[in-house]
Amino acid sequence: VYEILATTVYGKRKRAEIGIDRLLNERIFASAFPLHEGPYELPEYDVPPENLNPRQSLYKYWARWSKWYKYQPLDHIQEYFGEKIAIYFAWLGFYTTWLLPAALVGTFVFISGMMSMNTNLPAEEICNISNHYRMCPLCDTCDTWNISEICSIAKLGYLFDHSGTVFFSIFMSFWAVTFLEYWKRKNATLAHHWDCINFEEEEERPRPEFAAMAPMMEHNPVTGVKEPYFPEKDRLSRIITGSMVIIIMLCVVMIFLVTVIMYRGIISVMMYHTGNTILMTQAGNIANISSSMVNLILILLMGQVYTSLAEQLTRWEMHRTQTQFDDAFTFKVFVFQFVNFYSSPFYVAFVKGRFVGYPGHYGKLFGMRNEDCGSGGCLIELAQQLFIIMVGKQIIGNIEEFVIPKLKAWRQKRKLAIVRGSQISQEPKRWEDDNELIPCEGLFEEYLEMVLQFGFITIFVAAFPLAPLFALLNNWVEIRLDAQKFVCEYRRPVAERAQNIGVWFNILEGLAQLSVIVNAFLIAFTSEFLPRLLYQYEHNMNLDGYVNFTLAYAPHSYVQSNHTMCRYKAFRDPDGNLTLFYWKLLAVRLGFIIAFEHVVFFILRVIDWMVPDIPESLEVKMKREYYLAKQALADNQDVYLSVSQHAASPGSGISHSVVSQQLAALTHPGERSPLAESPVKQPANVSP
């Protein structure tokens, strides 16, 4: 029915006045949607399951919170909503299942860090060192301080910076690639089961908005029909202009990042000058946590603004088909959101503390001293940022997904009640009930949310081993929230066919590869793992004297001008020059990155080679179906020849045209294969 509505001419064909979508776009009709198959509310009395309508069945066995531990009825979802939505829920369930082992290993790594916290000798040295080490001032107007003041932070930093986190980052690199390989197999099984494994979108019609705004008509080289046309040269110039706008918006994100950095510095100085001992020692942590919250608010606001801007830019670029429009929009939003969400963690991981300088020669930005890592190191600050940004976004996102559809539905009902007026007392029709629901908003936001989450649990996992656990808890809620939206809150969408999750799989693969590189640099340059390892190799296996070894003396010129002797964390001599140990450590770090990447990428290629994209049993079944189809075609040709010979004989009364029509019906390319007609459901289609 939708195909008929979408292709019916209502005006002049040369003006592309075709289809219900354009009528909706021009506000001639208010809405058009398939009907839900009855209400979702369950009867007050007990009803046998077979007497429930499909919507009630989905609500009873899938969309309720009490079913959080149940498998998803993917076949029923596919029959009711179509393959495209069913594939999304299948992927979400599969991803959530695979998060379970990652969450268990991450939690084990975190707990092992807690249990071995008291065995961390460098932290014990800091706590027991008394007043022997006076540290250089943290700001130009601050005083010297005693290193033992950061005892608790030094111990806490060990939770996120021990040998277990190195193991976990390697484990998560393997996990990410193995997960994607096994999703390919699951996807192939589902696509075959739903008979869309070789599905390809037919020649798409132009978008209604494109048809209305295109300046000229041209012959379509595929169909030969005249249709609206927009010159490629003009589109390219618009795409380039749009790219400039994207770059400007990315610069705005960088400006906000610098603003947050300056805010953090100002708060730290203010905390120090309060004179309160607790605030003075915790100034860095308070500044880091508060700035992370400010950063999260800016990230969410910028995301909303840019998504609206990206949609307008993509419309202006005049893409012909909906697929081209969706791909261009997805690329714009993902690039921006990637920089928007990950720029601050990247700064803390790889920039903060790298350009501080040393006493008497500090680096400055806008008159303020460049940020140094906090007393517990940059890794604990990175963990704080990841926790606030990732978990904060998940909580706010789930509240939005729960509240906003209900507010929209209330507003829609109120607006329709005003339109109905005196008719409100009449029993509303099914289509009137469905019209009170909100239009389906598609899957873009759902996929984007999960892909960004995938980045958090893979790219920076060395700093935050609990990330998979928080992702798992969120996804258990997400599955039921999305199910409720589609069953209870949304109008029923037009069913669409799809054989995979589309461009999102390529993005996930890119993030998995990037995570290997980022984690290698994180362990090499941000963690204390390699400095401790090299010190153990060259000086002391038990790390005795490690704290003293990592602290340099302030240069003589600084001591003479400030009349105070102090220490600072760096591998420098009393003149401020880098020591030989620094250069050895740099060589070890670079060697570690090269070895880590090569070994991990090699093993990933082996996993890719060992795990076939299509399960062997499915491949045999597909080959069997192909063989039977060829046999059926050969048999039909034999029948055709014999019938043709019989038709050619005098008095047979059978025309060649009738035979040709029958053969065409038998060998039509759209026909399913004999095995695909089997009514038996395969058991391999369930996913939590």
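Quick reminder: no glycine exception, Cβ is built from N, Cα and C everywhere.
It should be emphasised that the depicted structure is a prediction, and the values quoted were computed from it without experimental measurement.
Quick look at what TrEMBL lists:
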DOMAIN    1-74  domain 'Anoctamin dimerisation'
DOMAIN    77-625  domain 'Anoctamin transmembrane'
TRANSMEM  85-111  transmembrane segment
TRANSMEM  165-183  transmembrane segment
TRANSMEM  239-266  transmembrane segment
TRANSMEM  286-309  transmembrane segment
TRANSMEM  329-350  transmembrane segment
TRANSMEM  451-473  transmembrane segment
TRANSMEM  501-525  transmembrane segment
TRANSMEM  581-604  transmembrane segment
REGION    665-688  region 'Disordered'
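A Cβ distance under 8 Å defines the sequence-distant neighbours of the transmembrane segment (85-111), meaning residues of its chain 6+ beyond its ends; these are 71-72, 74, 77-78, 159, 164-165, 167-168, 171-172, 175, 179, 182-183, 186-187, 190, 194, 443, 446-447, 450, 454, 457, 461, 465-469, 471-472, 475-476, 478-479, 482-483, 486, 493, 496, 498-501, 685, 687-688. The average per-residue pLDDT of the prediction over the domain 'Anoctamin dimerisation' (1-74) is 86, rounded to a whole number. Comparing 165-183, 239-266, 501-525, 581-604 for CB pairs under 8 angstroms to the transmembrane segment (329-350), the maximum falls on 239-266. Contact check: the transmembrane segment (451-473) against the transmembrane segment (286-309) gives fewer than three Cβ pairs closer than 8 Å, residues 6 or more apart, which falls short of the contact criterion. Most Cβ pairs under 8 A with the transmembrane segment (165-183) among the ranges 239-266, 501-525, 581-604 are made by 501-525. Sequence-distant neighbours of the transmembrane segment (501-525) (same chain, 6+ residues past either end, Cβ-Cβ under 8 Å): 87-88, 91, 165-166, 169-170, 172-173, 176-177, 180, 183, 187, 327, 330, 334, 349-350, 379, 447, 451, 454-455, 458-463, 589-590, 592-593, 596-597, 600-601, 604.
Helix, strand and coil counts from DSSP across the domain 'Anoctamin dimerisation' (1-74) read 30 helix, 3 strand, 41 coil. Listed by sequence, the residues of this chain that lie at least six past the ends of the transmembrane segment (581-604) yet keep a Cβ under 8 A from its Cβ atoms are 170, 173-174, 177, 516-517, 519-521, 523-525, 530-531, 533-534, 538, 571-572.
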